[in-house]
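Some features that Swiss-Prot has for this protein:
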| type | residues | note |
| --- | --- | --- |
| BINDING | Asp21, Leu22, Asn23, Arg36, His59, Leu60, Gly61, Arg62, Arg113, Arg146 | substrate binding site |
| BINDING | Lys197, Glu314, Gly340, Gly341, Asp342, Thr343 | ATP binding site |
| MOD_RES | Lys84 | N6-acetyllysine |
Amino acid sequence: MSVIKMTDLDLAGKRVFIRADLNVPVKDGKVTSDARIRASLPTIELALKQGAKVMVTSHLGRPTEGEYNEEFSLLPVVNYLKDKLSNPVRLVKDYLDGVDVAEGELVVLENVRFNKGEKKDDETLSKKYAALCDVFVMDAFGTAHRAQASTHGIGKFADVACAGPLLAAELDALGKALKEPARPMVAIVGGSKVSTKLTVLDSLSKIADQLIVGGGIANTFIAAQGHDVGKSLYEADLVDEAKRLLSTCNIPVPSDVRVATEFSETAPATLKSVNDVKADEQILDIGDASAQELAEILKNAKTILWNGPVGVFEFPNFRKGTEIVANAIADSEAFSIAGGGDTLAAIDLFGIADKISYISTGGGAFLEFVEGKVLPAVAMLEERAKK
């Protein structure tokens, strides 16, 4: 994959527009999970250190496009950056007609989704973004799968378009995991729905030596084996697809599960054989024997790709399966790469971030890359590198 890298450029005195992924959860005006901002800090600091005129922006939440809404302002991100950086940080609301930035100064340009045409990759808006800078740095892997004005369009018109360190590292790590993986390669796909991850399961079934399913996805596979899943979240219309995948590759289906009669944080958990799930019960986690079976598989892996928990780990009574799997990945000597919001939350909860080889900041982009889809922002950077 040939792209221009920000680290290869001299940014001194240049106007540098960094599209980061600062889409973080905010409550009462404060950032509640800073993982994405932390990941972007080295890129921002590198540009500042070189004496660039630094502009950074992102989307945050889902405001009505083209309308300012204080609830989705990047102000909490600016306040966070002020605490973390020794530099002053300014938030600029109106910037499309130009913004003054001094060398070594950082300004945050307000939420790109307040600009009409952002999501449609509007050419006029893209050109306005491009006119603000000498160098465009795409560093938001989490939105690289979307062709939008601040992730894709701007790169077509900026004088120079390059990949930031975070994006470059994501592409390198995913390339290593998917193109030439050390074997055996184990892929874990969890979460609630088969339908949203069916193409991922299909793609991974062709490259992974072992596929593991968890969460609501596993319930569909349990049903495909003829077991009653009671009131569990599963997709009846995809049982045949699950049967097809079971016939073409080795997928361990849970033999024991933790169930409850209601979906609640306080619901007591009952551990039982997968054969004994009652009509009024729902499966909320895999059982101990199933979790240990997965831990054994992971122990022998050389590459692990992890996307999604194996149970409702947010509820303490249904956390054990995901905890056993997470610790098995942490203890493994394999090259491990993890991605997706729920996966990152589990990594934080179990305190294993330093034991995962690479943590991807992307959710949808991570999955689309795994599927082998072309990411528009990356394709644009490759195209610009040829000129």
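Placed from the backbone N, Cα and C atoms, the Cβ positions cover glycine too.
From a predicted model like this one, the values you see are computed outputs, not experimental measurements.
Considering only the residues assigned to ATP binding, Lys197, Glu314, Gly340, Gly341, Asp342, Thr343, the longest pairwise Cα distance works out to 21 Å.
Every protein chain considered, the tally of other Cβ atoms within 10 Å of the Cβ of Gly61 (substrate binding site) stands at 14. Sequence-distant neighbours of Gly341 (ATP binding site) (same chain, six or more apart, CB under 8 Å from its CB) are Gly363, listed in sequence order. The recorded positions His59, Lys84, Arg113, Lys197 differ in how many other CB atoms lie within 10 Å of their CB, and the one with the most is His59.
Between the farthest pair of Cα atoms in the substrate binding residues (Asp21, Leu22, Asn23, Arg36, His59, Leu60, Gly61, Arg62, Arg113, Arg146), the distance is 18 Å.
The candidate set comprises the binding-site residues Asp21, Glu314, Asp342. Of these, Asp21 has the most other Cβ atoms within 10 Å. Gly340 (ATP binding site) has a Cβ environment of 22 other Cβ atoms inside 10 Å.
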